[in-house]
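Participant: I have a structure I would like to understand better, so I am pasting it below and will then ask my questions one at a time.
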Amino acid sequence: MASPGREGVFDEQADGDSSYGDEEELSEAEVNGAWTPQEKALHEARLKAKAKRRLRRTSSRESGRDSVSEASGDPVADLTSPKSKLHTNDRKSRMGKGRGLPKKGGAGGKGVWGAAGMVYEMEEPDAKDPNYDESSQGNTVYATVMPELEEQELEKTVSPVVKEYFEHGDTKEVQMLLKELNLGKNKFKVSSLAVSLSLEGKASHRELTSRLLSDLMGKGMAEQDMARAFDKVLMELPDLILDTPEAPQMLGQFIARAIADHALPLDFLDRYKGMVACDHARAALDRAAVLLSMKREIVRLDNVWGVGGGQRPVKHLIKEMNLLLKEYLVSGEVSEAERCLRDLEVPHFHHELVYEAIIMVLESKGETAIQMMVKLLKAFWEMGLITLDQMNRGFQRVYTELPEINLDVPHAHAILESFVELCHQESVITKQLRDTCPSRGRKRFVSEGDGGLIKT
């Protein structure tokens, strides 16, 4: 049976009022080992109740929580667990620490840019930021980077520029176009390409190429670059001669002109003395040496390609066309006459050829010259070398000057009428042009029925 003092202690435990003296008494009883099973169970219940009261006093959030189930054997719920779903909208710390103030001092949360009075420093823009804008970063300098042209791309790009230059003849435009290209170490190939293209063209094209090489010096091209270009053309001579048999002589003239224009070094020919194995290259170098020795006192070999096209004097062109027609009357070769006319490069002056041809017919004797000239004009008309305008203009000039021509050639009217009729039959001239041919009226010296007397 329990003692009165011990029963009083148990009554106080049931009421929930514990004191320091009771704890000492329980400690002594525990030490003495005089615990009964009922006393042990009551003591455990008292400890659990005491733990609950302590938690209620230390946490203001415990009021909304459910009481801990005794059957789970877990005397205290973990309020500091991050898995807790209570008060999800509460901005207080969930770590069970602190004074319950908002997180980050009120500087966090939706729509908040920071605490009041906070000044942020300027941050450097990040180029990897999706919102990065280059145009808003101040004075932005844009530079166009052109890749260096390879050999095949260079040929495809520069060839149209050179061919167009043969039409307009403006070296400044070529320089401007070349500046837009990144030629790099292959810039010397521009000169070699221009020379190769001009070898297949006309004399005027070669004259323009020589001027281009001279104008490029000091403007993106040096003497060493020009020397490398001619070295390349000399190596390619065996291939160039297949399309242009006169390539060695033409290249020799190019070299002589370039040396005279100070586009090539003066010792360019001396570098090849005794070192040339190719016969074609040797012929080109010999041709250049001969031209330079003949023109030693002349600074520029301006006439090495002749005077091209419309730059020639009119008297010179008339002389060349007369010579062309006379050679044709002797040889009868239409192809040679065609080549000579094309080499003159004066399509706007072809009416002079028609005029001179008709004058030769009027001054000739016999039908041979008439038939040959009709054949020549017909060939030029069919191949399109002489246009309709040039043909009409040549005939009309003869029609206009026929009275003066008749003074030297009394039978000019009759010969012209027969020649014009043949040209119309061969479709060289139009019916309208034939009908405009002047005819001399028949003068009656003896009247019919007058007995053969001459009228006075």
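Cβ atoms here come from the backbone N, Cα and C positions, even for glycine.
Features from TrEMBL:
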type     : residues : note
COMPBIAS : 48-58    : compositional bias 'Basic residues'
COMPBIAS : 59-68    : compositional bias 'Basic and acidic residues'
DOMAIN   : 153-274  : domain 'MI'
DOMAIN   : 316-439  : domain 'MI'
REGION   : 1-109    : region 'Disordered'
Participant: Going by DSSP, how much of the domain 'MI' (153-274) is helix, how much is strand and how much is coil, in residues?
Facilitator: 91 helix, 2 strand, 29 coil
Participant: Could you give the number of helix, strand and coil residues in the domain 'MI' (316-439) as assigned by DSSP?
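Facilitator: With helix first, then strand, then coil, the domain 'MI' (316-439) has 99 helix, 0 strand, 25 coil.
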Participant: Mind looking up the mean pLDDT for the domain 'MI' (316-439) in the predicted model?
Facilitator: 90
